[in-house]
């Protein structure tokens with residue numbers, strides 16, 4: 001990581017807010033555990049993705065351990081604009097993490113949406129939507145302690161059953177200086193239920209900062225529909241981009257060129273085999289038969305995967 005970071009120091013950091021002032025819907029790759037790492041971010045940026053997030057990083061570990069910093073965060077000079085997402089529950093710890101990351105990224109995001117049990121039991125993620133004063137305090141602290149006015153501070157939330165509480169949380173965060181808010185249109189308990197796009201629209205209408213809509217966006221057409229339904233300034237996509245990293249460029253399914261690009265980028269970045277293989281399994285889900293999947297999904301080495309792609313697709 002250190003070599004990569006040195007390289008980044010020479011590059012020009014960007015102001016993510018410029019994207020929201022462009023008049024276009026901002027197309028965003030979500031923070032995904034294990035998946036939204038540098039190699040995958042490099043791929044989606046080739047296919048019209050405007051802004052990328054890192055996977056969620058626990059701020060306390062990041063501040064405490066150089067080993068955690070090296071394993072959790074890698075970037076390079078083409079990896080911008082970049083938002084680093086942190087799990088945190090104490091304002092000063094989040095500030096310390098933001099200070100470390102500030103020279104190498106364009107902003108941080110506080111995770112207030114992760115519904116996983118481990119995160120909530122540790123005081124991270126979605127439980128923060130019930131602690132608006134703490135969220136406000138964390139945002140304000142980072143705002144006050146980071147000198148760079150272009151460094152963004154955003155939050156990603158889920159919604160309450162009583163939407164007034166969500167609007168109150170968002171308005172408190174706005175008063176503290178939050179740059180934008182990403183709203184996953186489900187409550188903590190909801191997993192595969194329909195997304196409440198109407199709730200995102202109400203939040204958007206209650207705020208004067210940009211709002212990003214998140215949840216069940218699987219194609220560029222979906223992104224356009226969600227923008228129309230919610231009036232959101234941006235759309236954030238997770239699983240849709242895993243299945244088709246070229247979706248923001250308008251492709252209905254992953255083009256072979258995108259698979260070829262992934263192979264090239266992953267090999268260049270030294271991506272671990274499991275990650276390399278899993279991404280291909282997601283990308284080829286819609287374009288392979290059941291029989292092909294049976295063979296492809298149990299391949300156990302990079303060379304076996306490369307041989308398969310060459311034999312079957314001439315890649």
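These residue numbers are counts, starting from 1, taken along the chain as shown.
Glycine is no exception: its Cβ is also placed from the backbone N, Cα and C atoms.
As written in TrEMBL, here are the features:
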type	residues	note
ACT_SITE	114	active site, proton donor
BINDING	31, 32, 33, 85, 184, 238, 239	FMN binding site
DOMAIN	29-292	domain 'DUS-like FMN-binding'
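Positions of the features from TrEMBL, shown on the structure.
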residue: 31; record: FMN binding site; Cβ neighbours (10 Å): 25
residue: 32; record: FMN binding site; Cβ neighbours (10 Å): 19
residue: 33; record: FMN binding site; Cβ neighbours (10 Å): 10
residue: 85; record: FMN binding site; Cβ neighbours (10 Å): 25
residue: 114; record: active site, proton donor; Cβ neighbours (10 Å): 23
residue: 184; record: FMN binding site; Cβ neighbours (10 Å): 26
residue: 238; record: FMN binding site; Cβ neighbours (10 Å): 21
residue: 239; record: FMN binding site; Cβ neighbours (10 Å): 14
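Averaged across the domain 'DUS-like FMN-binding' (29-292), pLDDT in this predicted model comes to 97. Here the C-alpha separation of residue 184 (FMN binding site) and the residue listed as 'active site, proton donor' works out to 10 Å.
In this structure, the C-alpha atom of residue 239 (FMN binding site) lies 15 angstrom from that of the residue listed as 'active site, proton donor'. When the record's FMN-binding residues 31, 32, 33, 85, 184, 238, 239 are compared pairwise by CA position, the greatest distance found is 17 Å.
It is 10 Å from the Cα atom of residue 31 (FMN binding site) to that of the residue listed as 'active site, proton donor'. Each residue contributes its Cα atom, and for residue 33 (FMN binding site) and residue 114 (active site, proton donor) these two points are 11 Å apart.
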